[in-house]
Amino acid sequence: MEKVVFGDIESVDRDPGSLQDTAADTAASKSDQRLRELGYKSEFRRDMSLFGVLGISFCAIGILTGMSSAFQTGLFSGGPLGLFWGWNICSLFMLFIALSLAEICSAYPTMGGLYFWVCKMKPDMPMLGFCTGWIYSIAMVFTGTSGNLSVALYLASLAEVGQGRTLTRVEVAAIAWGVNILSGVINTVGTKAIGHMSSFNLWWTLGGTFVLVITLLVKAPVKNSAAFVFTDYENFTGWSNRGFVVLLGFLQAVYTLEGCETAAQVAEEAKSAEILAPLAVVGSIAGSWLIGLAYMLALLFSVQSIASVQATSFAIPIAQLYYDAVGKRLTLMCLTVVALAQFMAAVTAFTASSRLFYALARDEAFPLKGQYMALNRFQAPYVGVWTSVLVGCIISCAYIGSAVAFNAILSSAAIAVMLSYLQPIIIRVFWPTTSLPERGPFSLGRWSWSINFASFLFTVFICILFILPTAHPTTALNMNYSIVAIGAVIILVGACWVLWGRFHFVGPVKTVIDEKKGY
């Protein structure tokens, strides 16, 4: 480093790298100060940049994986018409939800996320915060479990396409166990590993989408017309009402786009969390809207036979669409691209659940506080990680006995996430002035109430739509059992509050001393 002297003033020519480090340290210090103002001391290293935090939300949304895994839902319920218009309508409203959550996240950038926001905005109703935290925790564990089983199903499809071998349910469940355990190992390594993986996933999603789109459009033997892509209506549900059938197809878009709020779960591990976390919440939805639209259009222009996809014997129906459009070898490539993205998305769900267990335990909203707040040398809340893995492995066993029961459990996760969104949004709609007295750097200004109200209406509508029967006539095999599963989750959480929570939880517990008040 070179010294330069001007008169009596000695100046130091600083290394650009040291200036960047100083700026990063300043940003981290500011975020730590805000965390202290909220009552918590900083326990995690702030190693995550914007790409890391944004990548976490992209991982959780899993645009390639969600679209690929649920594409047939929209294809059979409304067809291309429902898929295209449903995607854009739902993306717009999910963007409204993201904006609503991002504004709150900017004011309260803590890893408690949805749970902490509800507690902070409605401190006189601790039961509401407790139930939100528990429901969202369960949703994250179920989401990770669903993702890990999806990885197993993609691997099963690879075996079917590549070797002509059909895996049994026991084999698929065994693979899901292995993926669950691997997710736990990666999460145990800690913040840096997850941050690097989420950054990599961001580029993998962009590059993978580009490869899939080009492959499908170039290799598909027959390209569908624009009239087919934008106006063709398909109905394999048995329902006669066209409007209702198209609305059922909306579920595919909502399921795909859930997860933007995951950025809040790593807010205490991000630099300038009050800015980067809300940007990641909104940016992940905006980016997923555009990336998903490009991927969807490529699928719709290249699908050779909807009936063939509906009648497929492959473990994942999208494999049939690939196979018809690009042949065996390229289908293997497409499935590999999506399977790896699916794995990273599943890992992120366990990242979120373990951080939420930590936040709940910190506030006496979860038993075994000392264990769930313990961090290993990699700065990972490992007990929460392996709790998620254990529950995931247990639920995966249900797939062996009944795929219907397993799907009901996992479909309840999508509803649970929307119910968790609903709690802070309801508070912002009905208590707009008192719920957020001090806003963060990311503010919606005069548009705040209008966006929150639109988010509220859409969330209620989707929660109702998620539990309606998707096939007619309804039988024991095609019934939508998600109402039973989500009902069981609500009863379980309610029982936990009555039997344990109301005796222990009174709201967020400060872990730093308030110097002004002396406690």
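Cβ from N, Cα, C; glycine included.
Positions annotated as transmembrane segment by TrEMBL: 83-106, 127-152, 172-190, 202-222, 242-264, 276-297, 303-323, 330-360, 380-401, 408-427, 447-468, 480-500 (among others).
Residues 53-54, 56-57, 59-63, 66-67, 70-71, 73-74, 77-79, 81-83, 85-87, 89-91, 94, 97-98, 101, 105, 109-111, 113-114, 143, 233, 235, 270, 276-278, 280-282, 284-285, 288-289, 292, 345, 348-349, 351-352, 414, 417-418, 421, 462, 465-466, 468, 470 of the same chain sit 6 or more residues outside the transmembrane segment (242-264) yet have a Cβ under 8 Å from a Cβ within it. The transmembrane segment (480-500) shares the most Cβ pairs under 8 Å with 408-427, out of the stretches 202-222, 303-323, 408-427, 447-468. The stretches the transmembrane segment (202-222) and the transmembrane segment (276-297) are in mutual contact, each linked to the other by at least three Cβ pairs under 8 Å (pairs 6 or more apart in sequence).
Where the transmembrane segment (127-152) meets the stretches 303-323, 380-401, 408-427, the count of C-beta pairs under 8 angstroms peaks at 408-427.
Two recorded stretches are said to be in contact when at least 3 C-beta pairs lie under 8 angstroms, sequence spacing 6 or more; the transmembrane segment (83-106) and the transmembrane segment (330-360) fall short of this definition.
At the 8 Å Cβ threshold, with sequence separation of at least 6, the transmembrane segment (330-360) comes into contact with the transmembrane segment (172-190) through 3 or more pairs.
Remote same-chain residues near the transmembrane segment (172-190) are listed as 144-145, 148-149, 151-153, 155-156, 197, 315, 343, 346-347, 350-351, 354, 376, 378-380, 382, 385-386, 388-389, 392-393, 396-397, 399-400 (criterion: CB distance under 8 Å, separation of at least six residues from the stretch ends).
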